[in-house]
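Noted in TrEMBL for the protein shown:
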DOMAIN    76-536  domain 'Major facilitator superfamily (MFS) profile'
TRANSMEM  150-168  transmembrane segment
TRANSMEM  180-198  transmembrane segment
TRANSMEM  204-226  transmembrane segment
TRANSMEM  238-261  transmembrane segment
TRANSMEM  267-287  transmembrane segment
TRANSMEM  367-384  transmembrane segment
TRANSMEM  396-417  transmembrane segment
TRANSMEM  424-446  transmembrane segment
TRANSMEM  452-474  transmembrane segment
TRANSMEM  512-531  transmembrane segment
């Protein structure tokens, strides 16, 4: 009976040896001698699918699980974009507050009401129709030799906007975040706007307008990025283009508010109260950007928000899926289920600044082009807008019609945006405006040609309004999340510089302003040739992720 047992034992050892050799050849046998008995045991179970972490960037997670533009994004987009109306109030209120009102002669004074200006009239022979409180011009006598002070206030306001865009562009990328920065600028807008109404002197008024411009410069910037970052890549272009409807609507509403409040002091209070209403009624229902959470290392907060987006949109975000930065999304790690939250919390905050943008050859060129194009576009847009104000027709109706006229430009560019791409559309709208300005420069201003020149100006505004709208979404897509607001803030600063220059171009008079606007539009279109196309490209989170991704696309 022993021989068969010995034979059986020898055959068992042979089988063990064969299995060990086979496993060593396949690389599955551990080098630990204590584990040599593993071939005799049952093979280990397959990993629990719940323990597999799938790392996705935000764009992929929105497309695959959460929804690109569902009910959550629609509600969030509308609530956030209401801030654009606030920016319109604080920016365009100067049209009515700083207007030169009508005047009339005293009876038996000997003055001639056919005079186009009061500068030739004797002091005390005339009066403002609406009284000294009808506008700042009437309040402080900003006519004749003092008329330059009206332009100075306008330039100072846009100078404040330029500084504020840079400051809040940086803060919204770093400490405060998008929602935090929007909260701060709304508080400052309401405060400075109301204080402006109580200005005792012109110079106090000038100072408060600078401060209001400082806070206003960050409103549209923060609202635009906050509204578009949670939107999926295929819907982001149309959504971004739609934000400017709120700005135009704000201008249209402003004309009605100004018609109801004829005192410039009351008007400033009436246009500042909406900032308080937005702060207490709307902002509590606005969420922070998940992209900002991600680059700040707050991945748990970002994941919680993404689950809420998916649930509100009627979708489900499965377990084992987590957000990651661009350069980390190619790694799918296997870990224990209890360490999933630890994996989320180990991601460190990523920061960036304009210095990082300038250091990278890719983003440096993009920034320079974006700054130049935004500057040129702003000169034309604000310059043509000021030229339209000089039509000597009903001011309230003019402002209303100008606001309504911009909306078709927004609609057309939004429809064509994803069909032709950002780059061809930017070139086309810039050249469209430039050509009509060139025609306006070549024709005279006598008889019927006045109507033709006015038509050229309207078409110039039409084209440049579409460009102005497009540049926000285009600039947003050119830079990664970590420096997006800083770069957009820099481009916005350039636009404010163009707005400061525009009134001085209008002062040239005749056909020269149209010539300047034409050159700016055509040159802007030439510069746009050197920008990359961003249609259907991912919205990158980090500098490294963008450089790697653009390398895979085969271009910068």
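Including glycine, each Cβ sits where the backbone N, Cα and C put it.
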Handout entry: Stretch in 150-168, 267-287, 367-384, 396-417, 452-474 most in contact with the transmembrane segment (238-261), if contact is a CB pair under 8 A
Key = 396-417
Exercise for the section: Sort out for me which stretch, of 150-168, 204-226, 396-417, 424-446, 512-531, has the most Cβ pairs below 8 angstroms to the transmembrane segment (452-474). Expected result: 424-446
Practice task
Count the Cβ pairs between the transmembrane segment (424-446) and the transmembrane segment (150-168) that lie under 8 angstroms and are 6 or more residues apart in sequence, then report whether there are at least 3.
Solution key: no
Completion exercise
Comparing 150-168, 204-226, 267-287, 367-384 for Cβ pairs under 8 Å with the transmembrane segment (512-531), the winner is 367-384
Handout entry: Whether the transmembrane segment (267-287) meets the transmembrane segment (180-198): three or more C-beta pairs under 8 angstroms
Key = yes
Problem - Intrachain residues whose Cβ lies under 8 Å of the transmembrane segment (180-198), provided they are six or more past its termini - result: 80, 83, 86, 90, 164, 168, 171-172, 205, 208-209, 211-212, 214-216, 218-219, 222-223, 226, 265-266, 268-269, 271-273, 275-276, 278-279, 283, 286, 288
